[in-house]
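Asks: Heads up, here are the entries from TrEMBL:
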type     : residues             : note
BINDING  : ASP29, ASP31, ASP245 : Mg(2+) binding site
ACT_SITE : ASP29                : active site, nucleophile
ACT_SITE : ASP31                : active site, proton donor
BINDING  : HIS189, LYS220       : substrate binding site
Amino acid sequence: MAGKARGCHKIRGAQIRDLLDSKHNILFDCDGVIWNGEIVVAGAPEVVTLLKQQGKRVFFVTNNCTRPRENYVQKFSRLGFTDVAEEEIFSSAYCSAAYLRDVAKVQGKVFVIGCHGVQKELQDAGVPTVEDVSDAPDVSIYNFPLEPDVKAVLVGYDERFTFMKLAKACCYLRNSECLFLATDPDPWHPLRGGRITPGSGSLTAALETASSRKATVIGKPSRFMYECIASQFDLDPERSLMIGDRLETDILFGANCGLDTMLTLTGVSTLEEAQEYRDSEAPEKKDFVPDYVVDTIGDFLEALED
């Protein structure tokens with residue numbers, strides 16, 4: 001549960017096997033856990049297959065909203081995963097569409113700051129959106145057209161983010177009944193060659209400042225992604241394990257949902273950062289501390305093949 005003392009225990013071999021024996025549901029983040037970009041983490045496809053062969057249920061819970069679930073299936077296949085089904089993949093784009101359709105039951109259009117993955121999931125869910133068309137050259141912040149029936153603004157990762165999109169979203173959010181949602185709070189993402197790209201969280205922060213409103217976050221660490229899975233599959237939190245590479249999203253998500261958590265060191269966060277959170281005097285930092293740490297999920301192979 002959130003608030004419990006977490007150990008940050010580095011484990012391997014028999015310790016991993018004992019932990020997995022006690023779990024029925026394994027939730028993996030994707031980027032930094034089972035792959036980095038287009039490079040698969042060594043052993044990850046075999047780990048997923050072996051977990052399933054041993055009767056475990058495996059889910060993939062990602063804040064990456066850039067592709068729809070059907071494209072994730074293609075990526076899993078491309079990287080050597082042979083048995084990943086679309087219904088096992090829960091992205092922040094898919095969960096945002098589910099929230100708007102099933103929870104908010106939005107009656108009107110959604111103005112989207114986001115990429116193809118977000119637009120496609122909304123379309124598949126039957127959620128109407130404001131058409132993304134280029135403004136004419138003579139259109140400015142003083143005269144751009146506004147749709148009359150926008151009931152929600154959704155912010156996700158958008159490589160074509162513009163000042164005009166920000167301005168339009170601000171205008172829609174002046175209506176206090178217009179929902180303000182964000183796919184996820186990730187501030188940045190690593191790229192090849194040591195570069196980074198701004199994440200959905202940085203775009204959301206710009207709109208929060210400009211509109212003087214706070215977004216409801218759908219992705220990790222919000223509980224809604226877990227509730228989205230639990231609405232389709234019967235999940236017992238005590239028999240579930242969340243595995244991620246980012247302390248402030250993946251590990252906090254697990255803590256918020258009452259799951260045991262595991263940090264893998266193939267992505268963003270380091271063991272030293274986890275230990276700093278563990279040793280911090282600030283109580284709110286304790287939920288950033290994983291229960292367990294492994295160098296890589298490839299370490300599962302020894303435990304699973306015994």
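Each position is counted from 1, following the chain as shown.
Note: Cβ is positioned from N, Cα and C throughout, glycine not excepted.
Please situate the listed features within the shown structure.
Replies: In the shown protein chains, 24 other C-beta atoms lie within 10 A of the C-beta of ASP245 (Mg(2+) binding site).
Sequence-distant neighbours of ASP29 (Mg(2+) binding site) (same chain, 6+ apart, CB under 8 A from its CB) are PHE60, VAL61, THR62, ASN63, LYS220, MET242, ILE243, GLY244, ASP245, ARG246, ASP250, GLY267.
Taking the Cβ of ASP31 (Mg(2+) binding site) as centre and 10 Å as the limit, one finds 20 other Cβ atoms among all the protein chains shown.
The C-beta environment of HIS189 (substrate binding site), restricted to residues of the same chain at least 6 apart in sequence and closer than 8 Å, consists of ASP31, ASN64, ILE196, THR197, GLY199.
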Asks: What other residues of the same chain, not counting ASP29, ASP31, ASP245, have a CB atom within 8 A of the CB centroid of the Mg(2+) site?
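Replies: Apart from the listed residues, the neighbours are CYS30, GLY32, VAL33, ILE34, THR62, GLY244, ARG246, ASP250, THR264, GLY267, VAL268.
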